[in-house]
Amino acid sequence: MAPMGIRLSPLGMAVFCLLGLGVLYHLYSGFLAGRFAFFMLGEPEAARGPAGTVDLRELLAVSVEAAVRGGEEVRRVREGNVLNEKAKGKTREGAEEKLTSGDLLSNRRMFHLLRAAFPGVQINSEEHVDATDQETVSWDRSIPEYIKEKIHSKEVPAESVTVWIDPLDATQEYTEDLRQYVTTMVCVAVNGKPVIGVIHKPFSAYTAWAMVDGGSNVKARSSYNEKNPRIIVSRSHAGKVEQVARQTFGNKTVIIPAGGAGYKVLALLDVPEKNQEEADVYIHVTYIKKWDICAGNAVLRALGGHMTTLAGEEISYTGSDGNEGGLIASINMNHKALIEKLPNLEKTSHK
């Protein structure tokens, strides 16, 4: 018998149970629908992974997407001839640094895409990002099959990750319409070591990417010349390097002046591009920003190559945004022997 002498009829019990089921349905239907959507749409496991971690495979996928989307802006501005070119300062050597709409629009697109996808990760970019600009660039978190086939998921602490963006490498050449030198680049460093590199050529739609201890879509060439290497250098540094290089390797040594750090790294690799020159060694003899070189460093590391200062020191991608000691990069060569053969270049880098 119910309290107070009230008897519940079978019909009343049935109504009470139905009301209870209705409440439970409203409470849990959203959750169940979300789980069903995850199952049906193949939502990446990393999207619901441990708090405070990021999946490097996801970060590689969005880095490729960011470089491509930034490249679209670079190409659109150049082909529309609306560069709005202006000076943003001078280099340490006194050369004028230029800034264009291509730099700014590419940077905006790349930064916001990466920030929306991984809000807890530090992002360093060459161009300033306006704090009041709240544009949201979405990413569907899908990982292309060509990445899934080569790269496994790998979780790392978010606080250990630094992303470096170069929204338009070779701005000087961009203003001169030397399109083959222009790239957009993204690099991911973990505890200061470059582990993911993406180099995209906007005007040919070619993209090279690699992940250390993972995989890549690019490879080294089959042969290199250590005795008389072809050395690729910045257009403004050719004279400085040529004299020392010829004294060291002989008069047959070839110096290749070129624009853009991304282009120079690609010159060391097997790149199916008709406008891409080939070199055995990449040398830079002055101060250089880390967003210029981080992606190339990661790609070379993933393929077993090296990029160090001219003194042979590893470059850390934390702290300041500049590298003081110049650089020398090679692959499938005796890197230490190259450094020992070119000691005078290390002195030049501090002038």
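Glycine is no exception: its Cβ is also placed from the backbone N, Cα and C atoms.
TrEMBL has this to say about the protein:
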type	residues	note
BINDING	Glu126, Asp166, Leu168, Asp169, Asp292	Mg(2+) binding site
Shell list (Mg(2+); ref centroid = CB of Glu126, Asp166, Leu168, Asp169, Asp292; cutoff 8 A): Ile165, Pro167, Ala170, Thr171, Thr183, Thr184, Met185, Ala261, Gly262, Lys289, Trp291
Candidates Glu126, Asp166, Asp169, Asp292: member of the binding-site residues with the richest Cβ shell (10 Å): Asp166
Neighbourhood of Leu168 (Mg(2+) binding site), C-beta criterion under 8 angstroms, separation at least six: Gly70, Val74, Thr100, Gly102, Asp103, Ser106, Asn107, Glu126, Tyr174, Val182, Thr184
